[in-house]
Structure formats: structure tokens, C-alpha cells
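*Asks:* Here's the feature list from TrEMBL:
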- 1-12: compositional bias 'Basic residues' (COMPBIAS)
- 1-23: region 'Disordered' (REGION)
- 68-89: transmembrane segment (TRANSMEM)
- 102-135: region 'Disordered' (REGION)
- 103-113: compositional bias 'Gly residues' (COMPBIAS)
- 241-362: domain 'Aspartyl/asparaginy/proline hydroxylase' (DOMAIN)
């Protein structure tokens, strides 16, 4: 019937027309209803279904445009990152006015051991210790600007007033490093061989080559003839040395005279070869000679002694503990402890000869080694 055919058409005036443009490109979609909105009062016909579906599929619009929200988030993250970096810098550089309250430069007999003297251009004049501390502090600040303080808490503590040679909290009376005390390192006058197993085994296996090199540069040590080329003036009467590395600097002429020993040094993993604490070479002690009690410049190193010629009556006392060398074997010593060396044998016994190499303390981390190499780099 006619009435049946017209059932799906909306009768009466059309009100509440809504037209809009969708972001997807659907324009001019018309949705009608007497209520003027979806869900209003009135009847909807089948011809209105496409418009209703188009309106339902419109995306939800954010109150802020996406580019503006992204820019605001980027600015916020940048501000937080800058604040964190500023905090790290302040934490690492605060109170860096001196390296160690009361610590002194190790330029004299109390600040060095049998081989080499670490130096930061100190002359030993009154007030020179303070000037050296200022130089070390400036180098620490330069390192912090170039790199960072990450993983270097002990270096910071040493720089902020660690114990000096007169002792202090955490320092035994018999352990008084003259220049740098790195806190929280295990302290023992004699270090186990396993702590530097690779280097110890390499040195001991190279004993014949090193002994041959010493024979090539040896002399009568009588003191009546001028010192041969390469030999240093005696530290004390009857104490001579020939150094392949002195205070972190290679001695090319001496290395050419001792090619076997030089090759061994190049193969060591823990050789302290890049700062003023590092030395390597031959140490000779004549019968009757004695090196009185002294302490090394830092506890960050371990001094390795390879015995080459050990006559009877030789003794090494470190931290009150006596020991003796053995030919072809290594002895690891923390020379920041008070130590004494003596040759009590007869003139017929001949000199005591050891090959000395300064190694890193096994508990000094890689970041700390890098920092100390920078701060105590050899003078150009």
C-alpha cells in the first residue's frame, strides 16, 4: 500500500541539521533529527544511516595539537637532564681546594723508595708542598672537565683531604705514603703473588734474559771509577741503580742496552708506565750498605722485586715484617709501608741485585688508574 511504502520516511519539518568536515576528508555529511543531536527525540530513516556512521567514526580531538604537546615534553626532558648534569658536576667538584690535608710532595728520601722519585716539579723549598697540592688540585679539575667523576669515589675522597704522611683516620702508623693515599685499599706489607699472577709469571720466566742484560751493563761497583753511562748517582752509599723507566718516562739509551728486560716490560699488564709513580730497572746494594726506614709516595702501587743475585745476609723489612729475596722469584711489596733494606753480608759475597718494577695495586679500578695517569703524568 501507499502507507507501507512511506513508512521509512520522516514526516514533518527537518530541524537540527548538523554538517561537519571530518579529518578523513568526508565533507558535508548531513545528519538530521528533531532533537538536533545524536540520540535526540524523533525518528530516523534508513537514508540517515550513512551520516550516522560517518559521525560515529570521527576521531577524538585532543585539547592540544600534537606538535605543541611534543615540544613541551622535549623542553621538560631537556630541563631535567640539565639539572641532573649540573648536580653531578657540583657533587664532583665541591671542596677541591687541595689534595690531602697536610700531604706533601714525595721528592725527598721519605717520599721515594729504591728506584725513581715521583715529581710534580717540586723543589723541596719551604712552602713547596702547598704549591704542589695546588697543582694536583688543578689537574684533578681539568680531568673532571674533560671526562667525569663516575666510578672515582676514592679519588675524590683522597683529594678532599685524605690522610697525609703524618697518619690519620684509616692509616696505620707504619703506612705513610708521602704523596697520595687512596682510601679503602687492602693494606698489607707483602702482597700475595696471585694478585698479579700474569706479570709475576712473565717476569720469573724471563729471569735468564734479564740476568743476561744485567751482565751486559754491570761494572765493578768499586766507587773508584766514574759511573758508567746510564747508571744513576747512588741513593745512599753502596746503593746504585740503572733505570729503564724513571718516574713514568722511558730511558731509551738504557732500554737499548737491555733489550730482553725492555721486551718483558712491554708485555706486562699492570706496569705503571704512564705516571710519575712508575719505575723499572736494576737495583744494586753492596755489602754493608743500608737504606734506612722510608715510605713510598703512594699506596696505589705494588713494587715487584725479581731476585737476580741474592747473597747471604740480605734482608728486607716492610711494616715490621722481615723477608728475603730468592733468585728467580718475585716478591710483591707495598712500599707505602715503612721499610728498610740492608746487605749484612761480607765483601766476598758480592752485591745484591734485584730487578724492580712498579705495578698497579690490584684493587685500583680502571677509571681510577686513568685519572691518576692524567693527574700524575710525567712532565713534558
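Cβ coordinates are placed from backbone N, Cα and C, and glycine is handled just like the others.
A TrEMBL annotation is a machine prediction, not a hand-curated record.
Any idea what these are sitting next to in the structure?
*Replies:* Mean pLDDT of the predicted structure over the domain 'Aspartyl/asparaginy/proline hydroxylase' (241-362): 95.
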*Asks:* Counting by DSSP, what is the helix, strand and coil composition of the domain 'Aspartyl/asparaginy/proline hydroxylase' (241-362)?
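*Replies:* Its residues divide into 18 helix, 58 strand, 46 coil.
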